[in-house]
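Okay, these came from Swiss-Prot:
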ACT_SITE  43  active site, nucleophile
ACT_SITE  345  active site
ACT_SITE  348  active site
CARBOHYD  138  N-linked glycosylation site
CARBOHYD  290  N-linked glycosylation site
CARBOHYD  322  N-linked glycosylation site
SIGNAL    1-27  signal peptide
């Protein structure tokens, strides 16, 4: 009888500790009413920074039609036909679209600020250039973070106010790091050589998060990489007659997708380490890899055509892509219905694909751990945002 009582007590003690642990974790991931979005990254989140930084004689392709045609009805500097993932997240939160920091005339950054620049890398461009990887500019993650810190007096004034602003913001960390791999892959560098960059990229992202935590950051959305083997550009560049290199279900290159998985796995391991070191901080992994891959596995389920590996805007070849005649060039037209396509220009996605990706993040299951929006539902229903339309069901 005594042994049974002891067993019961142990069970009760275990249950108490488990309940206590869940309560502690839940309290740290409880619903928060974000007052703004602070964004870093590359073209996946760039809402116009590269355009604002560019000389009028050397504008990016995103400055020309048909970019922006679907929603804004004119080019905005976004590398898509319309809105990006960050735009749909802003809509869901009832916030205005996050303005680019560069090139904004009388920009209002009270509800958000975006430092993401197309073609940006995680690692410093000088480091990559030394390895022989050409970078078009140096707006690495470190540079973006430095500019953010320099801008704080104008953004929020006093240090205490800035700490509050950062603490009440959803901080979007990318996607960043893809170009660190894209540039050498475009130069046909060996896989093992590119793989050596992964720990350096992960460490750089981790250091940036740690620095922002020290500045008061409490909630981070950290995207992983995309399935590079499904990129129209890489499918064109690495085209082969060996069908064993392709996934029979998606048509994507298996070896490149495995590389993307490796990056995402390493990033998740590092985020787990950061969570243990900072239990008061909510670090959410955005599974861009699987949120994107599902569109290739079952395109018709999500409203896309079965030829999901064909660019909407492009010309030539089996994937409607030619790097020397890219979208935005004279004579290169877009498809009649971009909403049926996953790929926009061979390197970036359509607005429809971005909406599906964002939907998978804010409503799960591609946010790990998932967001808790319980305190936002009534607010979002009541809030009116001029020029924005909320597409997510409550």
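Using N, Cα and C of the backbone, Cβ positions are placed for all residues, glycine too.
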Measuring CA to CA, name the entry from the recorded positions 43, 138, 290, 322 that ends up nearest residue 348 (active site).
43
Including all protein chains shown, what's the count of other C-beta atoms within 10 A of the C-beta of residue 345 (active site)?
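By my count, 27.
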Looking at Cβ-Cβ distances, which residues of the chain lie under 8 angstroms from residue 138 (N-linked glycosylation site) while being 6 or more apart from it?
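Sequence-distant Cβ neighbours: 124, 125, 126.
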Tell me, how many other CB atoms lie within 10 A of the CB of residue 348 (active site), whichever protein chain they belong to?
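Result for residue 348 (active site): 26 other Cβ atoms within 10 Å.
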Could you tell me which of these recorded positions, 43, 290, 322, has the greatest number of Cβ atoms within 10 Å of its own Cβ?
43
Please report the distance from the Cα of residue 43 (active site, nucleophile) to the Cα of residue 345 (active site), rounded to the nearest angstrom.
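Residue 43 (active site, nucleophile) to residue 345 (active site), Cα-Cα distance: 12 Å.
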I want to verify one value. Collapsing DSSP to three states, which class is residue 290 (N-linked glycosylation site)?
helix
